[in-house]
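Trainee: Please find one structure pasted underneath; my questions will follow.
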Amino acid sequence: MKNNYMYCVLFCLFYQNTAGQFFSSGHTNNWAVLVCTSRFWFNYRHVANSLSVYRSVKRLGIPDSHIVLMLADDMACNHRNPKPATVFSHKNMELNVYGDDVEVDYRGYEVTVENFLRVLTGRLPPSTPRSKRLLSDDRSNILIYLTGHGGNGFLKFQDSEEISNVELADAFEQMWQKRRYNELLFIIDTCQGASMYERFYSPNIMALASSQVGEDSLSHQPDLAIGVHLMDRYTFYLLEFLEDIHPASKANMNDLFKVCPKSQCVSTPGHRTDLFQRDPGSVLITDFFGSVRKVEITTEVVNLTNPIEQVDER
């Protein structure tokens, strides 16, 4: 009997230690906010960028109910599209990233700076449907991906307005103060992208950009049939990397930082980790791009023997 007791104690201690390592990220759910800010046919690649990331996070387990997808234009239905209801990200036209199950939450002129900031901070009208809300909490890991045209300290929306790096930093601080995230991964593919994370000051944010201040982010894969580029270089190589990731993958953020070196991107990708509390080498890619369901182990006794009280029907 004594030996059995000791075995149980050791068993519990072992699993407590294992659970502590397993839950090192501290999160229990994942969300993604994916935003294309550009209109017009010649910006086809920006829509393809966002849809490609959307496809990857869904493949790795994040459901549509936890993805807010914002597309400023509908390339699939554009009258210049020679293959209606499709958006391709490769020249061989083998991968249609629009697919049959894309759920666009904000489209066209709904994609504004105001709506984007309202989604992040939760300051939405009561009538806003659940599908258009970021219903995260203090145990949510959030991926925020932006693509479009930008400059030093700003990103354009619809070619008619822009969001500054200060406004974005303040929105993230509101999210932190309102306990809307546990950890946040920010990725931006735009010219001078690194300028957008220079003003961040909130805890637990890791940021990546496709280019440094003073550099342009370049397009990739021109397609003569439709007359535009299909993707941007940084996102193309990012997705090439993500194709090798699976839900049980042990790849970490240090691996992600190596994506698209200057020899491939032409621009110089950057990243910022000083606000992040964990070592990037211990942060799994699936901590943000996937949604691996985890089991929490407790040593407390849970009483499951009490009969369920029957409610009299009247």
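Any Cβ shown, glycine's included, is placed from N, Cα and C.
Heads up, TrEMBL stuff is auto-annotated, nobody curated it.
Quick paste from TrEMBL:
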| type | residues | note |
| --- | --- | --- |
| SIGNAL | 1-20 | signal peptide |
| ACT_SITE | H149 | active site |
| ACT_SITE | C191 | active site, nucleophile |
Trainee: Using Cβ atoms only, which residues of the same chain lie under 8 Å from H149 (active site) while being at least 6 residues apart in sequence?
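Mentor: Spatial neighbours, sequence-distant, of H149 (active site): T37, S38, N43, L155, K156, D159, T190, C191.
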Trainee: Including all protein chains shown, what's the count of other C-beta atoms within 10 A of the C-beta of C191 (active site, nucleophile)?
Mentor: 20
